[in-house]
Amino acid sequence: MKIYLKVVALTAIVICIKGQATNVNREYYLRNYAKKWSSAYLPSRLMAGWNSPCGKALEEFYDAIESFQTKDAWALTMVDTWGKSKDGLLYGSPDVLGAYDQCLRISSLNNTIRGKYCSLFRWTSQGGQIIGHSTQWRGQSRDQLMKGVTYDFLEHERHQSYLQKLNKEYKNHSLSISNGLQSNGSVRMGGLPSLPIPNDYLTYGTCMPHVCSKRQLQISGFNYVMSCDEPDWKISLDGLDISFISLCCIIGALMLTGTAAHGYTLYTKQEHLAKGPMRFILPFAVTLNLKKIFTINPRPAPETITCLNGMRVMSMCWVIWGHQNMKTLLALANQNNLHMIDNFLFAIARNAHVSVDSFFFLSGLLVCYGVFREMSKTGSLNIIMYYVHRIIRLTPPLCMAVWYFSTLNRFTIRGPIPFSYSPKPTDLADYCRNFGWKDIAYVSNIAFRNNQSIPEGCMGQCWYTSVDTQLYVLAPLLLLPLYYYKTIGRAWLYVVTLAAIAMRGFITWNQRNTEVGVDNPWMYDIYFPTWVRADSWLIGIWTGYFIAKMGKNKLQLIQWQVVVGWTVAVTFGLMVMFGRYHAPNPAVGAGHIMYEMVHRTVWASCLGWVTIACHYGYGGIVNEFLSQPSWQPFSRLTYPMYLVAMQFQYAYVMHSRTLFYFTHINKVME
């Protein structure tokens, strides 16, 4: 027993000594690091002014570094939060965020010095031009920034040599991935749209005394671009915030009242009360709305096109997956591993943009099918209610989404990543406040840029609702002649369809030397405009017209026709899906240009066959899958998912304290 106690005591002593030695080693490392590299993280005392608050705080910092007293541990903590070179620099990790939250919690013993987090940028291309994300310094040369300022070259000699060393390492690493990155820093893997990933740069986080300004760090850093987060930085509520909160409180009160009223009618079995004044409050009942959303009808009416539910949900998942792959590309820990993008399987995510054509197809089909069903019952179209129904169905949730992203959403965006890629995390809210009206007015696709071609918008994905609504407004010009004057109407629809395909082909040919990208003329000329996205919608009109005219009649197909139909649809669908695999960007050659011209029309036509085959009993296992009743609740939720998913993905990235690691599995899990 005594031996056992001695062993335990000896082990405890060894652990304590080892722990103490470890702490001493850590402090020694941090002190040496601060002495050697502090000029790469802190403003110059000379530039800040020796007697300025910043200069005095820096002097106190350096004194604390030399001190071995516990009260001065805050200085070592500040050094500990600096972003330092780490494993993976040659693997493609030029971003070192540091410890954001730890920095903002730093406080000296007398609370005179607190931490301020800043992101420092080292750009190494375009002839010394500062080309950072922060618009405050964008486009300014070194001479412009340093005009009238005397620079302390001697004090920053070590600083510059350190940066040159890191830059040399990164330039070597950059050469190793030249097959995957263009000289301008954009990813270009086969036919993948160019994605704005910076290449020739280094970024790292620093922590400095809060009394030092961003400008003092700017002029000390010589060619830096940075954004800083104050320790006491807060976003105060303004009138727009309060009004949104008030509206949410009113809606919440109505929901509680409606739920209570519904519960009362069920408990007392006085359901006749629902037909009285209570009918005005019951639509807000949570229980009733949840029941409507999650109700599954296992035996829908024969005229219901059941396969559309599966199409809609799968297309929405495809959209969200594609957006998630793009959102994290600016904050990757393994940028050099992006060769995985040039993968046959990943072509599915690469071509996620055709899922938007699936929605255009579904929209055209349902508009035509719904209008023809109504007119077959009433003999006419109530044109006023046709438009009012659209406004009531789409606009209120859209207004709420824009209002939220203009107000409360900015409270969720705070961390090292937004301060690395934007002057302030409230940029999204500012854009929504200034340009959200474009989304609500359904014109964001054609009023997306100002005279300087700078994007102006709130919810980027709302270009789709703008295009879809504009087509919806014009739909009666096609549907009424098609219903009342069948021959003339079909001829008119043929002309419009061919004109839409020709228009897309002409614009694609005219822009054939433009790279397919996320934020370039290709998006504004070939992706957003209504006149180049109408072809998929028109194929939906044709499909809806065919099903409506068939009515309750059974489509009779013989076996070889079914086989040929499915073979052609699957073959051309796969060609669209993988047609860009290893394709050049921009498209060159007749084959690639032809693909850009017609692939959306072909995709919608394939969906047209799938819809008709499934609806008339020739879908087999495909119809069994797409028509599963379990798709119904999720199908009802696709519109709200569409409105909020992209902004929540943005908030997810901007709130992260670490970089993201790119793998296919990670993107699916995210």
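Glycine is no exception: its Cβ is also placed from the backbone N, Cα and C atoms.
Annotations in TrEMBL come from automatic prediction, not curation.
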Feature transmembrane segment in TrEMBL, mapped to one of the ranges 247-267, 352-372: 352-372
Best-contacting stretch, by C-beta pairs under 8 Å, relative to the transmembrane segment (352-372) and drawn from 384-405, 492-510, 560-581, 601-622, 634-652: 601-622
Sequence-remote partners of the transmembrane segment (492-510) [C-beta within less than 8 Å, at least six residues beyond its ends]: 478, 481-482, 525-526, 531-532, 534-535, 538-539, 541-542, 545, 593, 596-598, 600-601
Chain residues in Cβ proximity to the transmembrane segment (634-652) (below 8 Å; excluding those fewer than six residues from its ends, i.e. six or more beyond): 292-293, 308-310, 312-313, 316, 319-320, 323-324, 327, 394, 397-398, 401, 405, 409, 412-413, 428, 459-461, 464, 670
For the transmembrane segment (384-405), sequence-distant contacts whose Cβ falls under 8 Å of one of its Cβ atoms, 6 or more beyond its ends: 240, 244, 247, 371, 428-429, 432, 436, 439-440, 458-459, 462, 465, 469, 472-473, 476, 639-640, 643-644, 647
